[in-house]
Amino acid sequence: MQRRKFLKSSTIATAGLISSPILASCKEENKSIISENNREQPIVIATWNVENATSKAWEVLKSGGSSLDAVEQGVMIEEADVKNQSVGKGGRPDRDGNVTLDACIMDSEGNCGAVLCIENIVHPISVARKVMEDTPHVMLAGKGAEQFAYEKGFKKENLLTEKSKQEWLEWKKTAQYKPIVNIENHDTIGMLAIDNNGNISGACTTSGMAYKIAGRVGDSPIIGAGLFVDNEVGGATATGVGEEVVRTVGSFLIVELMRQGKSPQEACEEGVRRIIKKNKNKLNFQIGFIAINKKGETGGYCIQPGFSYRTYSEAGHVNNIPESYIKE
Ligand code: SD4
């Protein structure tokens, strides 16, 4: 597979599990899927080293669940994890101390839903799915999105943890908006999956850039920028400074490059190069793209070292460290 060429290093996170009899027999079963269709499926891929999230998605896929359920349930793990300060509950707030969340989801039929700048809801990805499935709209923002969530039965919850609050109070002493590469926003999660039926879905969820201006929305909930899926071709998703991804409509671009014949790896590299061309004199920010094609081949590329992405398939549960444009 193309991806493997680009691995600088990788770890089998669940080494014990891979050799277990249960998975070994699954492997046998899936071998036939791979050879019949010439595809690696099921498979899930996600930005950053989100082992618990990819494990959850894999569990859904292995039990015959849809890729849509897999990506939703996978990213929900990070949304609920207060230790992840870039997503959901525990996310870092905007400069006024309010945690505002962005998320979008897209299925294999090209349906999509998104919520922007939503507050007090732990699982924006599930609200985005409701927007997709229960409304004639694609995006709901702010108070309207929150109101819609309550109508759908979501509970109001304070998302600002003591840790994120203390850090914000500390930040306020200087109040300088200076995103730190790979640190301030680590773990925004973009996830793509192919299920047993060969269908691709994707999800992306974030609390956005820490200490942003109130109302700021990045790439993550924007279909085409933070996430794009075309079931005929593949999917792509992004992490990093969202403004730069929006400027090049990064995820859509990568899927279109795959449509024209590029591998997921080549497409991610070209996606990053487009951003670099627009930022010749200031490459002090991070962008990471990941992509998957219809065959289940994956790729990833980033501007700065420090980005990684997880894959989980019969081949193993792997934390992939891709090449970066700027070398260490
Ligand atoms: C944003 N793209 O709001 C998100 C942040 C992110 O890893 O991905 N951080 O711009």
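Just so it is clear, glycine is given a Cβ too, placed from its N, Cα and C backbone atoms.
Those TrEMBL annotations? Automatic predictions, nothing curated.
Annotation source TrEMBL lists signal peptide at 1-24.
According to DSSP, T188 (active site, nucleophile) is assigned to coil rather than to any helix or strand. Taking Cβ-Cβ distances under 8 Å and a sequence gap of 6 or more within the same chain, the neighbours of T188 (active site, nucleophile) are T47, W48, S86, V87, C204, T205, T206, S207, S220, T239. Taken from TrEMBL, the feature active site, nucleophile covers T188.
Annotated substrate binding site per TrEMBL: R216, V217, G218, D219, T239, G240, V241, G242, in sequence order. Within 10 Å of the C-beta atom of V217 (substrate binding site) sit 21 other C-beta atoms, taking all shown protein chains into account. DSSP assigns V217 (substrate binding site) to coil, not to a helix or a strand.
Between the two most distant C-alpha atoms of the annotated substrate binders (R216, V217, G218, D219, T239, G240, V241, G242) there are 16 Å. Long-range Cβ contacts of D219 (substrate binding site) within its own chain (separation 6+, distance under 8 Å): A225, G226, A238, G242, E243, V245, V246, G250.
Within 10 Å of the C-beta atom of R216 (substrate binding site) sit 18 other C-beta atoms, taking all shown protein chains into account. Ligand 1 lies within reach of D219, G242 from the binding-site residues R216, V217, D219, G242, judged by a C-beta closer than 6 angstroms to any of its atoms.
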